[in-house]
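Enquirer: Residues annotated as (6S)-NADPHX binding site in TrEMBL: G66, H117, D181. Sequence annotations record features per position, and here TrEMBL assigns AMP binding site to K152, G153, A154, P155, T156, G180. What TrEMBL records for 1-240 is domain 'YjeF C-terminal'.
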Amino acid sequence: MGSVCLSSKAALKSGCGLVTAFVPKCGYEIVQIAFSEAMVLTDENEKVLSNINYNFEPDAIGIGMGIGQDVLTEKAFYHFLLNNKTNLVVDADGLNILSKNKKWFSLLPPKTILTPHKKELERLIGTWQSEEEKLEKIIQFSLEHDLVVVVKGAPTLVIFHSEIYQNTTGNQALATAGSGDVLTGIITSLLAQNYDPKNAAILGVYLHGLTADIAAPEMSHQAFVASDIIGYLGKAFLSLEN
Ligand SMILES: NC(=O)C1=CN([C@@H]2O[C@H](COP(=O)(O)OP(=O)(O)OC[C@H]3O[C@@H](n4cnc5c(N)ncnc54)[C@H](OP(=O)(O)O)[C@@H]3O)[C@@H](O)[C@H]2O)[C@@H](O)CC1
Ligand SMILES: Nc1ncnc2c1ncn2[C@@H]1O[C@H](COP(=O)(O)OP(=O)(O)O)[C@@H](O)[C@H]1O
Ligand SMILES: [Mg+2]
C-alpha cells in the first residue's frame, strides 16, 4: 500500500489538481490517513483489485504500483485495458502482468508510458547479450506497440520509437524502495497536465533525478528515502526556472 501512497503524493506535488487512488478495501484508511489530500475509491474486494471501476474520466492514469499479480487482479486489469481510453502509465506489477499476457500490448492506448526497471524490462522483451542489442529490442518494442519506454537505471533512458533520450540528473541516493513508485506519480501528474507522453516522461525523469542531486549534499545518499524525492520536488521545479 506504501507504493500507492508514494505515487499519489508525488502526483499531487508535481502540479496536478486532484488525485484519486483506487485500492482494495484494506487500503482505504491507510491511504486516507497517510495522505489526506488524495481521494480514495475502493474495489469491492477486501484484499486485491478485482474490478477496476469508477464513474469519472481522469486526465491520466498510473497503474501497477503495489497491485500484485493475483489472478483476480489479472482479470480486472484485462477488463480495465479493454475499456480504457485514458492516457496511461504502467509500472511494477502492471508491467509484470503484461509480460505474462503479451497479447494485451495491443490494448494499450497510443503512446502509453511504461516504466520498467532492468528485471521488469527483461520480462517484457526478453534477455539481451549487449547494450546495443538491448536498445535495438526496446526500439522495436516501442515502434511495434507505439509506446514510450522509460528504461530505469543509472542513467535512465527514455525511448520513443527510434529516439533515445539519456537523463543527466540523479545519483545513487535514488536506489531506495519506492523511488520508482514516486517516478510513476510524477510522470502521471505531468501527463494529466497535458504534457505530451514523451515529454512527460523526459521531464518526470529529469525532475526525479534533480531532487536527489539537490538533496544529497544536504542529507547524504544513505539517509535519502523515496518520500525525500517528493519533499524536494518544490526545489527541483524552482531550479528549472533558473
Ligand atoms: N513501500 C512500498 O509499498 C513499496 C512497494 N513496491 C512494490 O513492490 C512490488 C514489487 O516491486 P519490485 O521491483 O521490488 O519487485 P520485482 O519487479 O518483482 O523485482 C523483484 C526481483 O527483480 C529483480 N530486480 C529488481 N530490480 C532490479 C534491478 N534494478 N536490476 C536487476 N534486477 C532487479 C531482483 O531479482 P534478484 O536479483 O533478487 O534475482 C528482485 O528480487 C511492485 O508492485 C512495487 O510497486 C516497491 O516499489 C518498493 C516499495
Ligand atoms: N545508482 C542510481 N543512480 C540513479 N538513479 C538510480 C540509481 N539506482 C536506482 N535509480 C533510480 O531509482 C528508481 C528505482 O525504481 P524501482 O526499481 O521501480 O523502485 P521501486 O519499485 O522500489 O519504487 C529508478 O528511477 C532508477 O532509475
Ligand atoms: Mg518499481
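For all residues, glycine too, the Cβ spot is worked out from N, Cα and C.
Automated prediction, rather than curation, is the source of TrEMBL annotations.
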Enquirer: Sorry to bug you, but what's the C-alpha spacing from D181 ((6S)-NADPHX binding site) to P155 (AMP binding site), rounded to the closest Å?
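Expert: Checking the Cα atoms of P155 (AMP binding site) and D181 ((6S)-NADPHX binding site) gives a distance of 17 Å.
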Enquirer: If the criterion is a C-beta within less than 6 angstroms of any ligand 1 atom, which of the binding-site residues G66, H117, A154, D181 pass it? List them in sequence order.
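Expert: Among the binding-site residues listed, those whose Cβ sits under 6 Å from ligand 1 are G66, H117, D181.
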Enquirer: Got a sec? Which of G66, K152, A154, T156, G180, the binding-site residues, have CB under 6 Å of any ligand 3 atom?
Expert: G180
Enquirer: Return the member of K152, G153, A154, T156 nearest to D181 ((6S)-NADPHX binding site) in space, with distance defined Cα to Cα and candidates limited to these binding-site residues.
Expert: K152
Enquirer: Between H117 ((6S)-NADPHX binding site) and K152 (AMP binding site), find the distance joining the two CA atoms and give it rounded to the nearest Å.
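Expert: Between the Cα atoms of H117 ((6S)-NADPHX binding site) and K152 (AMP binding site), the distance comes to 5 Å.
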Enquirer: To see if you understand the setup: which same-chain residues, six or more apart in sequence, place their Cβ under 8 Å from that of A154 (AMP binding site)?
Expert: G170, Q172
Enquirer: Far apart in sequence but close in space: which same-chain residues, 6 or more away, have a Cβ under 8 Å from K152 (AMP binding site)?
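Expert: Residues satisfying the criterion: T115, P116, H117, K118, G180, L183.
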Enquirer: Given T156 (AMP binding site) and G66 ((6S)-NADPHX binding site), what distance in Å do their CA atoms have, once rounded to a whole number?
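Expert: Cα-Cα distance, T156 (AMP binding site) to G66 ((6S)-NADPHX binding site): 22 Å.
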Enquirer: Can you tell me whether DSSP puts G180 (AMP binding site) in helix, strand or coil?
Expert: helix
Enquirer: Out of G153, G180, give me whichever of these binding-site residues has the highest number of other Cβ atoms within 10 Å.
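Expert: Comparing the binding-site residues G153, G180, the most crowded Cβ belongs to G180.
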Enquirer: In this predicted model, what is the average pLDDT of the domain 'YjeF C-terminal' (1-240)?
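Expert: PLDDT averaged over the stretch: 98.
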Enquirer: Just checking, which of G66, P155 (binding-site residues) has the fewest C-beta atoms within 10 Å of its C-beta?
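Expert: Across G66, P155, these binding-site residues, the one with fewest Cβ atoms within 10 Å is P155.
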Enquirer: Given the AMP binding site residues K152, G153, A154, P155, T156, G180 in the record, what is the largest Cα to Cα distance, rounded to whole Å?
Expert: 14
Enquirer: Compute the centroid of the Cβ atoms of K152, G153, A154, P155, T156, G180, then list the same-chain residues not in that set whose Cβ lies within 8 Å of it, in sequence order, for the AMP site.
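Expert: Neighbours found: H117, V151, L157, N167, G170, L174, V205.
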